[in-house]
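Colleague: Checked Swiss-Prot, it gives:
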type	residues	note
BINDING	C65, H69	Cu cation binding site
DOMAIN	158-307	domain 'GAF'
DOMAIN	350-589	domain 'Histidine kinase'
DOMAIN	615-732	domain 'Response regulatory'
MOD_RES	H353	phosphohistidine
MOD_RES	D663	4-aspartylphosphate
TRANSMEM	23-43	transmembrane segment
TRANSMEM	53-73	transmembrane segment
TRANSMEM	92-112	transmembrane segment
Amino acid sequence: MESCNCIEPQWPADELLMKYQYISDFFIAIAYFSIPLELIYFVKKSAVFPYRWVLVQFGAFIVLCGATHLINLWTFNMHSKTVEIVMTTAKIMTAVVSCATALMLVHIIPDLLSVKTRELFLKNKAAELDREMGLIRTQEETGRHVRMLTHEIRSTLDRHTILKTTLVELGRTLALEECALWMPTRTGLELQLSYTLRQQNPVGFTVPIHLPVINQVFSSNHAIKISPNSPIARLRPIAGKYMPGEVVGVRVPLLHLSNFQINDWPELSTKRYALMVLMLPSDSARQWHVHELELVEVVADQVAVALSHAAILEESMRARDLLMEQNVALDMARREAETAIRARNDFLAVMNHEMRTPMHAIIALSSLLQETELTPEQRLMVETVLKSSNLLATLINDVLDLSRLEDGSLQLDIGTFNLHALLREVHNLIKPIASVKKLCISLNVATDLPEYAVGDEKRLVQIILNVVGNAVKFSKEGNISITAFVAKSESLRDPRAPDFFPICGENQFYLRVQVKDSGLGINPQDIPRLFTKFAQTQPVATKNSGGSGLGLAICKRFVNLMEGHIWIDSEGPGKGCTATFVVKLGIPERSSEPKLLLMPKVPANHGQTNFSGLKVLLLDDNGVSRAVTRGLLAHLGCDVTTVSSSDELLRVVSQDYKVVFMDVCMPEVDGFEIAVRIHEKFMTRHERPLIVALTGNIDQVTKDNCTRVGMEGVVLKPVSIDKMRNVLSNLLEHRVLFEAI
């Protein structure tokens, strides 16, 4: 016993207790050894773990604790010194690792607590995101409903369809019990129930617009909850209902349509609104949500826009229908006017032909009588007859010109002519007449005025003759001056003619002709009437003046055709007057001789006057006119053969005849076709006779047709002996006669 190294236990031995401690230490050791294994397993399975060294220390601490318990199993009995040393070493190591782990946990535990805090924060954030996602889903659903409702509302532009569709779609989308629209009356003092969803209330019911609940809704941009008992919310019978559904009202702006007058639209001098009322189902706990109210507000704005578009479309359709009616009426009036113009032109053409035929006889025979031996009294009577006949012919020409000017059928005959020679010719024509009245007439032509010009020579002469003729006619004594010069651009504009906008292009100029006289003068207030057809002022319409009052009216229209302006100035009766006109003419690219244009001339002393033996063939269906024309030609020495039909003419015509006069406006006979057949009958131009149209109608169509079929000229009835002499002289000299009137 003395050699035994066993340590005597300090405590009394109790076998049972020892057994339990032994077993407990064994299982504690097993648990301590299994815990690190589990930690190592799960750490390896974890992809991210920031505290690996802590786990190593903690695992070492647990392993050492388990080792102490395991070693402690050998300490319950007698044990050796080695066991004691191992036990002591294990406890020392356990103490060191435990202290190190404890020190490490001082730094780790706050991080672990912050992880928990972050976890709570993330949970709160996730909950907030869930709420936001719910709001986004709600907004998306609201937007989808808005798009659907907007599409349905804008699928039509009929106002009634828009409003009915709005109520139906809102009722279906929001599951409403009732939905209604109150529209303002034309007076703006009441709201009228115009549309309802279920149509159980009579449409047409009105409420005053100044109710507090209506003012409350109209004063807000948002949907407002209103009492179910208010007059505008009593849309459904409430008998048997325990609790009516919530009601909201929203205003619908009626956009101001200042450019449109909608017949059944309220007067919008101030801003007006319609009222939309929406009711949730009764006897339910359902309430209005924010997104539903936003949907209602957006739909109200869309309805306002759609209603404005519908109103504009309705007015546009009304305007279109009105325009169509007006167009139909205008088209009918245009056709009637065209029919009237054609009838007038036909009447004038017939009257022109029928009047010129007897006038041709009067003038021709009177001119023939002038060639005979007459007593002074007889000559005076013949001259009076001839003068009156010429005046009547001029009147007929004026009426026809005015008619063609008014219907736009008269066109200018543009050509190159000698402007200086034209002015001298007018001066020479007027000078003998002025000399009889002891008037001194002078012509002043500016040095910078182009010698040749491009324009209608005949109409320009007609304008100047009319203006100068009036000056001679209404002047008893004194002077008449004619001044012609190029109008400067700064002097073209005239405040009396605000519609006259002179535009001078390249190779163009404005001719200004001014005729000043010391005659009777005119009241300034009467001047505008001078350019009205058939109008004469009191000082002008003197007993001896004569005239139809057409001259200046025709001149004004001719001047307008030439893109010009004409006006008259006078200080009053007895102070004379000044007539001025401006017309646009062209400048020819190179000087060239103007085409031959025969105008009425006084008997000339030069040229051929004896046509003895000249064989002439005359076609005229009118016996009197045929006999008169034959007498004129025979008096000039011509050998005349007369025919009354086209067949006879074609049978008789031959190379022996030098000139053929033919009326191209005979009934049931195409004179132009006869001219073509005459051309076909002869091989060359020198073999066939010269063909001249002798007619009472000399409009542009007739002249164009004469040129087309190859006629050498046109002569307008009536024809005097001097006119016929000039026609034959020029025809035989130049073998062409463009026109003689």
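Backbone N, Cα and C define each Cβ position, glycine as well.
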Colleague: If you measure H353 (phosphohistidine) to H69 (Cu cation binding site) at Cα, how many Å is it?
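Modeller: Distance (Cα to Cα, whole Å): 153 Å.
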Colleague: Round to a whole number and give the Cα-to-Cα distance in Å for the pair D663 (4-aspartylphosphate) and C65 (Cu cation binding site).
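Modeller: It is 150 Å, counting Cα to Cα.
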Colleague: Can you count the other CB atoms that lie within 10 A of the CB of C65 (Cu cation binding site)?
Modeller: 21
Colleague: Can you break down the domain 'GAF' (158-307) into helix, strand and coil residue counts using DSSP?
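Modeller: Final tally across the stretch: 44 helix, 36 strand, 70 coil.
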Colleague: Excluding near sequence neighbours, so keeping only residues 6 or more apart in the same chain, what lies with its CB under 8 A of H69 (Cu cation binding site)?
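Modeller: In sequence order, D25, F26, I28, A29, Y32 meet the Cβ cut-off.
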